[in-house]
Amino acid sequence: MNPALLVLEDGRVFQGVAYGAEGETFGEMVFNTGMTGYQETLTDPSYARQIVAMTSPHIGNTGINDEDPESSRIQVAGYVVREPARVASNWRATGSLGSALREQGVVGIAVPGTRALTRHLRDRGAMRAAIFSGTAAVAPGEAALLERVRQTPSMEGADLARDVSTTESYVVPAKGEKRYTVAAVDLGIKAMTPYRMSERGCEVHVLPATSTTSDILAIAPDGVFFSNGPGDPAAADYAVDALKGVLDAGVPFFGICFGNQIFGRALGLGTYKLRFGHRGINQPVQDRTTGKVDVSAHNHGFAVDAPKDGPFDTPYGPAEVTHVNLNDGCVEGLRLLERPAFSVQYHPEAAAGPHDASGLFDRFCDLMEGPR
Ligand SMILES: NC(=O)CC[C@H](N)C(=O)O
């Protein structure tokens, strides 16, 4: 087992052993608290340019399979685990996680101190980092490695959605009878999202991130969807502009995660970076319109800054915060009160995660049914 180093931009260094591909990789250091679902995490395009540490101490037990990927490849910039499983055992497994990381050139590290790392990030916030393993970890000394980490760009201001988006549009057919046509703008879309819509009779036209309002409306959609995605929502003006045109046209709208942040910006709200974000599958979110609490899947480092004490004015009429996170009070959902448009900051597609919030896809279908 070859030595490896995890170097954080504030100078903290964790020593470990190489896991996956050997070499070096740079990204924003974040942690995920999910006890299950590592394959969905690894393949979620929202993790582009992030090094993800798993707080669950044993990773890889169920190997990898052909059914769970959220995209065609592993998307994280690097991977930190406490103890990689030595044996992959599951009836669906087609391979081991270690070999998948190696084959796809994803540099990882196993460190004994993932708990210390998580506490450090919780206190100091997500920060730039790098993993150096094999020969990359040996020669230069920690000071030189740290200097290289400090030269990398930060997540703030990063426009990454267009890098991970599809370049060509494609159609996910409706399962059973087709009821609605949905234009889904791919800002880093997870495979489960169009699937959840197709299960409900939606024919989903997945469009590139930089699609304009007229590209979107050209398919005559019953509803428009903006997906999750990586990077800073403040850097995606092109998506905000496209969505403004959709809202002007009054077409029903649903957004998830990055899509919620873009919706917030289209309403004139700002976004800001959370200290360490929410990444896991057990975050409590309250629907303020019903009082009901969902346990939900999350992956976000930014949040929308919106007034929570009642409806507020927007260019599209009054809006309100519909959902809040019960851990830290941050905004988890928005809606317009006089137009058919809403969004959530978390993941009702539940991949991985609890299915409490899956009814939000039905709410989107109800909005599309409305004008008929
Ligand atoms: N999953 C997402 O869509 C993440 C949105 C955004 N990149 C954030 O970190 O907040």
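Every residue, even glycine, has its Cβ placed from backbone N, Cα and C.
Under 8 Å, Cβ to Cβ, and six or more positions away along its own chain, Cys257 (active site, nucleophile) finds Ser46, Ser227, Asn228, Gly229, Asn299, His300, Val344, Gln345, Tyr346, His347. TrEMBL lists Cys257 with the feature active site, nucleophile.
Under the three-state DSSP scheme, His347 (active site) falls in the strand class. The annotation active site is assigned in TrEMBL to His347 (among others).
Within the same chain, the residues at least 6 positions away from Glu349 (active site) whose Cβ sits under 8 Å from its Cβ are Lys190, Met192, Thr193, Tyr195, Arg196, Ile256, Ala297, Ser358, Phe361, listed in sequence order. Under the heading active site, TrEMBL lists Glu349 (among others).
Gly229 (L-glutamine binding site) falls outside any helix or strand according to DSSP and counts as coil. The feature L-glutamine binding site is assigned by TrEMBL to Ser46, Gly229, Gly231, Phe258, Gln261, Asn299, Gly301, Phe302.
Averaged over the domain 'Carbamoyl-phosphate synthase small subunit N-terminal' (2-132), the predicted model has a pLDDT of 97. Marked as domain 'Carbamoyl-phosphate synthase small subunit N-terminal' by TrEMBL: 2-132.
The region 'CPSase' annotation in TrEMBL covers 1-180.
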Original post:
How would DSSP class Gly301 (L-glutamine binding site) in three states?
Top reply: strand
Original post:
Which of the recorded positions Ser46, Gly229, Cys257, Gly301, Phe302, His347 have a Cβ less than 6 Å from any atom of ligand 1?
Top reply: Ser46, Gly229, Cys257, Gly301, Phe302
Subject >> Beyond the site residues Ser46, Gly229, Gly231, Phe258, Gln261, Asn299, Gly301, Phe302: chain residues whose C-beta lies within 8 Å of the centroid, for L-glutamine >> reply: Gly188, Asn228, Pro230, Asp232, Pro233, Cys257, His300
Original post:
By a simple count of other Cβ atoms within 10 Å, which of Gly229, Gly231, Gly301, the binding-site residues in the record, is least packed?
Top reply: Gly301
**OP:** Out of Phe258, Phe302, give me whichever of these binding-site residues has the highest number of other Cβ atoms within 10 Å.
**Re:** Phe258
